[in-house]
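Asks: Below is a structure I'd like to ask you about.
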Amino acid sequence: MTLQLNLSVVATVLPICLSTSPKHLHRYVNGTDCLHPLQRPPPFTLRGFLIPYMIMLVLEGIPLFYMELAIGQKMRLGSIGAWTAISPYLGGVGFASVVTSLYLCLYYNIINAWSFWYLFHSFQSSLPWADCPLNSNRTGALLECETATSTKYFFYRETLNISPSIEVNGGIHYGQAMCLVLAWGITYLLISKGVKSTGKAVTFTATFPYVVLFIYLIRGFTLKGAFSGITYMFTPNMEQLANPYTWINAATQIFFSLGLGFGSLIAFASYNQYNNNFERQAIMVSLINSGTSIFASIVTFSIYGFKATVNFENCLERMRVLLLNSFDLAEDSISLDTVTDWITKLNTTFPEEFAAIEHKIETCDLKNELKDAAEGPGLAFIMYSEAIMNMPLPQLWSVLYFIMLLLLGVGSMLGNITAIVTPLRDFKVISKMSSELFNGLVCVFCLLLGLGFTTTSGNYWFTIFNDYAATFSLLFIVLFEVIIVSYIYGIKRFEKDIEDMLGHAPNLYWKIMWLAVSPLLLICLLLYYIINYILGGTPTYQAWNKHLGKAEPMEYPVYCQLFIGLLLVSTVSCVPLNALYAFYQKRKQDKRRKSHALTTLSA
């Protein structure tokens with residue numbers, strides 16, 4: 001949640017194609033996150049995920065992206081004001097978006113803090129995650145590092161200083177805390193002046209990562225095993241396609257990627273000219289966004305293919321040396337290509353001798369290496385850093401990668417913060433404050449709460465927010481939005497608004513999506529999520545076991561389960577609570593009117 005850049009670069013480099021100036025287009029596409037696979041990879045990656053992803057793009061992503069742009073451009077307000085303008089009872093949908101964006105801001109910037117940590121450590125003659133540190137006796141490597149790997153050790157121990165469970169807290173990691181302060185300081189500097197400064201900043205934060213991606217694409221394709229990773233990426237996994245949770249993850253990934261439900265698109269679109277052609281922009285931005293996500297995944301999997309191939313060949317080499325040392329064989333009699341055949345042959349020919357080394361025999365499987373490379377916590381840091389250290393000039397590639405990751409994260413944070421401050425500035429009390437002061441207060445508030453993620457148990461709380469703070473909320477918010485527009489505001493009224501802004505009414509595809517397909521699909525996904533959560537048993541997380549050198553599943557304690565429930569309820573409750581407040585205010589006003597009328601009559 002999630003680790004979740006925008007498409008402002010599309011607005012910058014393709015203004016003619018999108019028929020608008022970069023000055024206005026950046027304001028709403030800033031909320032999108034096209035390079036998201038590098039920060040918050042889909043749980044199932046793209047293997048068995050690409051088909052649901054593309055279907056969800058057509059049935060949910062593009063229609064709802066179009067709808068949010070239209071609402072923002074028509075109402076000229078942030079998410080709270082826009083839904084309140086439709087009905088005072090519906091302003092809670094906007095509040096739910098703000099709360100979700102707030103949760104995202106709380107934990108998202110810690111990813112930028114990690115990126116700073118890795119970037120600063122990249123300026124060394126030898127990358128610190130390339131080798132295990134010495135033990136206290138200086139007689140060998142640390143046992144925890146040897147049991148795991150040097151890259152895992154650096155992430156879990158040096159970067160996170162992680163505790164053995166969420167219930168054990170050893171205080172703040174001051175290095176990470178300073179990196180988090182730096183991340184929030186940069187975020188504030190870029191948004192301090194409001195949307196105008198955000199647009200200027202995003203031009204660079206969105207452009208440079210594309211340059212790095214192209215460099216990595218060229219480099220990735222020259223690495224051994226790159227195409228094994230790409231082939232693995234595009235190989236369908238039918239088991240995952242049959243799993244409804246894959247479709248929920250695909251929908252959530254679309255929401256994160258396009259910025260749906262967070263309120264950022266409504267906020268940025270509210271600054272557009274009234275007759276801006278948002279229909280063309282919705283289609284172009286959505287398609288280019290998803291195309292860029294796939295492109296970023298191709299780059300990523302080419303690197304993972306290289307990493308998996310290196311690990312696979314290292315495994316074969318270990319088995320080759322083991323066989324040569326255990327049996328009377330010539331040095332050149334076994335090659336990497338024939339290791340598996342020799343294991344079978346020697347097991348059959350010399351069963352007693354083979355039994356003595358059987359416990360040392362490893363199963364070397366490229367597919368398993370690819371699977372391991374594409375899943376697990378800290379993917380963008382552990383796996384990429386492991387691949388980078390095997391490249392020539394690893395410091396150069398490390399600096400380029402983590403600068404890119406930082407710019408992706410900063411670009412995303414700009415949209416996340418704007419989704420909070422723009423709706424709140426529609427309130428009179430806040431509108432009187434300067435942008436610098438209010439934006440600063442929001443950043444300081446998020447920083448103080450975010451320091452909890454820099455504790456030794458902070459990564460476990462990060463996982464809670466990443467898993468539970470947005471998925472259910474976004475499904476709920478977007479479902480309410482499409483129901484409000486289609487059935488409360490009215491599809492005919494909405495159609496007239498679009499015709500007034502664009503000069504033509506939306507075609508049949510849009511209306512079918514808004515009226516039937518999108519809401520029904522969202523209802524099914526939401527119901528499955530709720531049922532799966534209720535019947536799924538006690539939620540678990542991956543706790544780091546330093547003795548085994550890997551993360552193992554562990555059940556959340558009761559207070560964490562209650563906190564998860566609070567996260568889920570906090571956003572949803574905004575809708576009924578706001579409706580009750582609006583009802584109370586209406587009754588109060590009615591009583592005043594009646595009292596005033598009686599006073600007038602008696603006079």
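One-based numbering along the chain as shown.
Keep in mind that glycine also has a Cβ here, set from the backbone N, Cα and C atoms.
Copied straight from TrEMBL:
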TRANSMEM  46-67  transmembrane segment
TRANSMEM  88-110  transmembrane segment
TRANSMEM  172-191  transmembrane segment
TRANSMEM  203-227  transmembrane segment
TRANSMEM  247-271  transmembrane segment
BINDING   S257, N289, L408, S412  Na(+) binding site
TRANSMEM  283-304  transmembrane segment
TRANSMEM  399-425  transmembrane segment
TRANSMEM  437-462  transmembrane segment
TRANSMEM  468-491  transmembrane segment
TRANSMEM  512-536  transmembrane segment
TRANSMEM  556-584  transmembrane segment
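Map the listed features onto the structure and describe their local environment.
Replies: For the transmembrane segment (46-67), the residues of the chain that approach it from at least six positions outside its boundaries are 37, 232-241, 246-247, 249-251, 253-255, 257-258, 260, 265, 278-279, 282-283, 285-287, 290, 294, 297, 301, 374, 478, 481-482, 485, 506, 509-510, 513-514, 517-518, 521-522, judged by C-beta separation under 8 angstroms.
Through the fold, the transmembrane segment (88-110) approaches residues 1-4, 78-82, 176, 180, 183-184, 187, 261-264, 266, 409, 412-413, 416-417, 419-420, 423-424, 446-447, 449-450, 453-454, 458, 461-462, 465-466, 469-470, 473-474, 476-477, 480-481, 484, 488, 567, 570-572, 574-579, 582-583, 585-586 of its own chain, all at least 6 residues removed from its boundaries and within a Cβ separation under 8 Å.
Long-range contacts of the transmembrane segment (437-462) within the same chain: residues 102, 105-107, 109-110, 113, 160-163, 165-173, 176-177, 180-181, 184, 187-188, 191-192, 194, 377, 417, 420-421, 424-425, 430, 541, 543, each at least 6 residues beyond the stretch ends and with a Cβ under 8 Å from a Cβ of the stretch.
Beyond the transmembrane segment (512-536), the same-chain residues lying 6 or more positions past its ends with a Cβ under 8 Å from any Cβ of the stretch are 59-60, 63-64, 67, 244-245, 247-248, 251, 471-472, 475-476, 478-479, 482-483, 485-486, 491, 494, 568.
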Asks: Residues sitting near the transmembrane segment (468-491): Cβ under 8 Å, six or more positions beyond its termini, same chain?
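Replies: Hits for the transmembrane segment (468-491): 1-2, 60, 64, 67-68, 71, 83, 86-87, 90, 93, 96-97, 99-100, 103-104, 107, 248, 251-252, 255-256, 260-262, 511, 514-515, 518-519, 522-523, 525-526, 529-530, 533, 564, 567-568, 571-572, 575.
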Asks: Restricting to the same chain and to residues at least six past its boundaries, which positions have a Cβ under 8 Å from a Cβ of the transmembrane segment (172-191)?
Replies: 109-110, 112-114, 116-117, 120, 159-161, 197-198, 201, 205, 409-410, 413-414, 417-418, 421, 439-440, 443-444, 446-447, 450-451, 453-456, 458
Asks: Just how many other Cβ atoms lie inside 10 Å of the Cβ on S412 (Na(+) binding site)?
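Replies: Result for S412 (Na(+) binding site): 32 other Cβ atoms within 10 Å.
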Asks: Restricting to the same chain and to residues at least six past its boundaries, which positions have a Cβ under 8 Å from a Cβ of the transmembrane segment (556-584)?
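Replies: Long-range Cβ neighbours of the transmembrane segment (556-584): 88-93, 95-96, 99-100, 103, 166-167, 464-465, 468-469, 472-473, 476-477, 480, 533, 538-541.
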Asks: Other than its own, how many Cβ atoms are within 10 Å of the Cβ belonging to N289 (Na(+) binding site)?
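Replies: So the number of other Cβ atoms within 10 Å of N289 (Na(+) binding site) is 26.
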Asks: Please identify which of S257, L408 has the densest Cβ environment, defined as other Cβ atoms within 10 Å, among these binding-site residues.
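Replies: Most Cβ neighbours within 10 Å: L408.
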